[in-house]
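Below is one structure; the comments refer to it alone.
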Amino acid sequence: MATLLRSKLTNVATSVSNKSQAKVSGMFARMGFQAATDEEAVGFAHCDDLDFEHRQGLQMDILKSEGEPCGEEGAEPPVEGDIHYQRGGAPLPPSGSKDQAVGAGGEFGGNDKPKITAWEAGWNVTNAIQGMFVLGLPYAILHGGYLGLFLIIFAAVVCCYTGKILIACLYEENEDGEVVRVRDSYVAIANACCAPRFPTLGGRVVNVAQIIELVMTCILYVVVSGNLMYNSFPGLPVSQKSWSIIATAVLLPCAFLKNLKAVSKFSLLCTLAHFVINILVIAYCLSRARDWAWEKVKFYIDVKKFPISIGIIVFSYTSQIFLPSLEGNMQQPSEFHCMMNWTHIAACVLKGLFALVAYLTWADETKEVITDNLPGSIRAVVNLFLVAKALLSYPLPFFAAVEVLEKSLFQEGSRAFFPACYGGDGRLKSWGLTLRCALVVFTLLMAIYVPHFALLMGLTGSLTGAGLCFLLPSLFHLRLLWRKLLWHQVFFDVAIFVIGGICSVSGFVHSLEGLIEAYRTNAED
């Protein structure tokens, strides 16, 4: 027993020493220096778990007798705490296994990657549903009155629910009756629903919808940049189209991006600045509370333009695309439902408050981008911040769209439609760079010929937003889990599918008609 105790104490001391060395190496690595050895880097990643396991094994081994049989001659008896213990309760995967991430969290949820807390996950969802596209919500109230406010609440409830059922489609029961994560993405869920007859059809549909939404988001950033600059400096002899061209010239280096490390920090600062801008707009509206036009808010709808408002509101809540990877990265996936609840409640309250007070301030004069209603002295400062945010937010959807295109068309081996964009040395080929530049120019051309922020938002929200947030999650939920659903869950899924389909078709048709009418008007002028 004394020999065994000394051996264990030596192991603990060695672990503590390795832990200290690894922390020092990790600290230098964070400062920009490479770790001295691969063993130190691995030790830094796992030192806390190893230390905990050694302490558990020490306590268990002291209670064991020396007479237990050993697996090998001269070897110590196997210790349960050293092999099977893990904080999540699941067995620790073998060291060096390349597939250790698949069972735990899929492609994005491996044990070798740092996990995020529920607060961090909520911050990511908040960034997606509280972006600068809330600037178009007062315009939705203009054509819907109190029904528009109800729609903001309804969309929050439905999108929260469909986000939850989409995550439920990632899981299935195994032979032991345990619920395990067997899928890792929206595309995997879609492919599972279309299998076995069309194993890749669902994934292709989701990829197309995702590309359309990401590219349209880029177009909207260019449109809003040109619109804000034109309305900030009306005295300058520069048209809105010219401002859009200048903005695109600034965005052209996005074609050279290999990662988003440089832009992510600026995007975080711009998101914080956007919250400040929203508060400034609300503060200005509150300063004019005596002149609020309550009589203008009625229970009526503009039959021709209200469907466009539906698309605007739905587009402002879209976050389903990245929810599977976000949930797979959470330290406690069981907190996902709670996170979805408070993020969507907060979004509903803030969006409803912002849209209502802004519309009450300007009533029938409410414009597509609400900051255009501000006085000239305030408008120029606020719009400059918003343009900076739009330009720094553009690389995120652009890079995501490029990745989806490259993976679906250029990086699937024998199934690829075109040769790879990267050479053997990892460098981007010239024609791959040309395609990226062409995508930037395409967003510019769309922004020039369709410079209508609200109509583009309505079109995108009706086409891809309603599909990804309403139609597909409810359809997948019914397809994959229909045997386990209660009658009220089936009713909710069917109702969401039907309502989402009606809203999608009507919003798409009216938004398209509005764009055609606006294009004809511009052509006549």
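One is the number of the first residue shown, and numbering goes on along the chain from there.
In case you wondered, yes, glycine gets a Cβ from its N, Cα and C as well.
In TrEMBL, annotation is done automatically, which means it is predicted and not curated.
Per TrEMBL, the stretch carrying the note region 'Disordered' among 59-83, 84-108 is 84-108. When Cβ-Cβ distances under 8 Å to the transmembrane segment (306-326) are tallied for each of 147-171, 338-360, 380-405, 490-509, the top count falls to 147-171. Proximity of the transmembrane segment (433-450) to the transmembrane segment (338-360) is not established, fewer than 3 Cβ-Cβ distances being under 8 Å for residue pairs spaced 6 or more apart.
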